[in-house]
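For reference, the structure discussed in these notes is given below.
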Amino acid sequence: MKSLLPLAILAALAVATLCYESHESMESYEISPFINRRNANTFMSPQQRWRAKAQKRVQERNKPAYEINREACDDYKLCERYAMVYGYNAAYNRYFRQRRGAKY
C-alpha cells in the first residue's frame, strides 16, 4: 500500500508531462496562411526567374537524340504501344525512320 501511492503519483506526473501541449506546436497565429495571386512569386527575384528560364531553354536545346526520339514516339499512339512491348528504340525505328528505297 505504501508503494502504491508514490506509483500513482508518478504515473499522474508522467501522464501530465506527456500530454502537455506547448504553444510551439499549435498552428500558425497568422490570420490567413495563404497569400494572394499577385504576391505568390515575390519570394523569387526577377533575375532568378530569368536564369531559370534561360537554363530551361538551354536544357531543351541540348536534349540527347534518344530523348527526342522518345518524345516523338510518345506523341504517336501506335508507336507508344509498340514501345511498351519492344522498347522505344525499336518503335522509333519502325514508325519514324525512313526505310531504304521507300518514297515519302
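Using N, Cα and C of the backbone, Cβ positions are placed for all residues, glycine too.
Taken from Swiss-Prot, the feature disulfide bond covers Cys73-Cys79, and the record attributes it to sequence analysis. Residues or ranges marked as domain 'Gla' in Swiss-Prot: 51-97. Taken from Swiss-Prot, the feature 4-carboxyglutamate applies to Glu21, Glu60, Glu67, Glu71. If you look up Swiss-Prot, you'll see Ser22, Ser25, Ser28 marked as phosphoserine, on the strength of similarity to another entry. Positions annotated as signal peptide by Swiss-Prot: 1-19.
Each residue of the domain 'Gla' (51-97) gets a DSSP state, and the totals for helix, strand and coil are 39 helix, 0 strand, 8 coil.
Of all Cβ atoms in the protein chains displayed, 10 besides its own lie within 10 Å of the Cβ of Glu67 (4-carboxyglutamate). Rounded to a whole value, the Cα-Cα separation of Cys73 (disulfide bond) and Glu60 (4-carboxyglutamate) is 17 Å. For the pair Glu71 (4-carboxyglutamate) and Cys79 (disulfide bond), the C-alpha distance works out to 11 angstrom.
Working note on the disulfide-bonded residues Cys73, Cys79: by count of other C-beta atoms within 10 Å of each C-beta, Cys73 ranks first. Listed modified residues: Glu60, Glu71. The one with the lowest count of other Cβ atoms within 10 Å of its Cβ is Glu60.
Taken together, the residues in the domain 'Gla' (51-97) have a mean pLDDT of 89 on the 0 to 100 scale. In this structure the alpha carbons, written CA, of Glu60 (4-carboxyglutamate) and Glu67 (4-carboxyglutamate) are 10 Å apart.
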